[in-house]
Amino acid sequence: MTRHRYTGETRQSNSARLFVSDPSNSGPVILDGFERREVMTSHRVELPCKASGHPAPKYRWLKDNRPLEPDSRFRQSVTGLLIERAQPSDKGSYVCEVWNSYGNAEVVGRLQVKEPLKAVVSPRKVKGSVGSQVSLSCSVSGSEEYDLSWYRNGEIIYPGNSVRMTGNNRENLVMAGMAKSDGGAYQCFARKGKMSAQDFVQVILEDGTPKIISSFSEKVFGTNEFVSLFCTVKGTPEPRVIWTLDDDPVIRDSRHRIGHYTDQEGHVISHLNISQTTGPDGGVYRCICNNSAGAVSYQARINVRGPASIRPMKNLTAIAGRDMYIHCRVIGYPYYSIKWHKDANLLPYNHRQRAFENNGTLKLYDVQKDVDEGEYTCSVLVSPSLSTSQSVHVSVKVPPTIHPFEFPRFSIGQRVFIPCVVMSGDQPVFITWQKDGRPIPASLGVTIDNIDFTSSLRISNLSLLHNGNYTCIARNQAATVEHQSQLIVRVGVDPNQPTTRPMLGIAKENLYAKT
């Protein structure tokens, strides 16, 4: 294009075409390649591979050192390899081989196919029993790093005395001593950046408390006879059965044989066989059946003919507020009657006392220290003119009672002071604290002050590390009790934090079944 300086006239010359080509007889030179590419599952990706050379080079693709297998999703273009709808199986090492008659070159790179975050809870069907242990595992794919939380019926679960979370991301949930209220929907929620995934299973708890189906009854035997006692019990997990005679364990020997077996229905049948009975074989026999869900017992008197007497009685300890049994350890038969006295008063004399004259058992309901502590005497009328007696001292221990406390809502940087007050209970009482079921780490800067029956928890500068469940534990000779409260430290709302945890179609009342 030219322009006249004075007149401004312009003229255009004839056009021509310019061709730029590789030098003749040149080997391939890579113009565009890759070392690493990432793509989400089901998305499209191109692996660049372009080379120059003369004559024009040829191309061949390999995956994991093998020729690329034909696939309608793979298409080779002038700029590289185009993959449609990428799949996890597409990930791997790719080699683009380029060659002509004067040389060769290659591009080596790796394709990573990222899957969406996915959570799967196992096992899928969970049936347990009250008191048993339940373990759940959450398998998360799509990322090696993620935040994971567990929920029960929409409420977040924190580690505690009976709850453990193990694994690098707390993906394993182990719960011991399951209660009836622990049944329901258990949800695993995983989050990585803006991605999230969840899964849940239903945990159905059966009433696995041992139940005695059949047992022995009171009988009278002579000396040198054979006695067979049995208890049939069901429960989940399988109950363990032990035998006692007048509250002492039955000692196995050549005359006392104990055996157990399980029938086709899963019932445990325990039997006690006694050969060549003697007078001391008489008394109250009890089969005690227990498992992690609870315990149950059955007792009946077995009388062996012979002179009546009373075994030495052992001093007993009762817990205030609970029921208590005292057995008159009578051996020999027959006898006229068994009676109980306290402070020369014939029992029962109030509604909290009941005497079973047929087997010599005294039951005290809702034991009270100031009324029920003292000496009790069992008297057996052997004949109209002869009686024998034994005394037993009952001590009553009062367990601790903790005044309930709750943490109010706090914010970062605030100070906390929470007292745990033991309102009643025998001294000495020992008070300790735990956080999330474990001793409080010194690194948290939590101060504990113990004065007599009060223990105070102080935190001078709250941080997110202080979030959790705090348990005050009081212990004395009678019992160990505890009270727990959750400390929540408020921060600004995180837009990525899940605000809803749907549990649609799940009725809590349908998640507890009896067997």
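Using the three backbone atoms N, Cα and C, a Cβ is placed for every residue, glycine included.
Feature annotation from TrEMBL assigns region 'Disordered' to 1-22. Annotation source TrEMBL lists compositional bias 'Polar residues' at 9-22. For 28-112, 116-204, 210-303, 307-395, 400-488, the entry in TrEMBL reads domain 'Ig-like'.
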Within the domain 'Ig-like' (210-303), residues counted as helix, strand or coil by DSSP: 3 helix, 57 strand, 34 coil
Across the domain 'Ig-like' (400-488), average pLDDT on the 0 to 100 scale: 93
Could you count the residues of the domain 'Ig-like' (28-112) that DSSP puts in helix, in strand and in coil? 3 helix, 53 strand, 29 coil
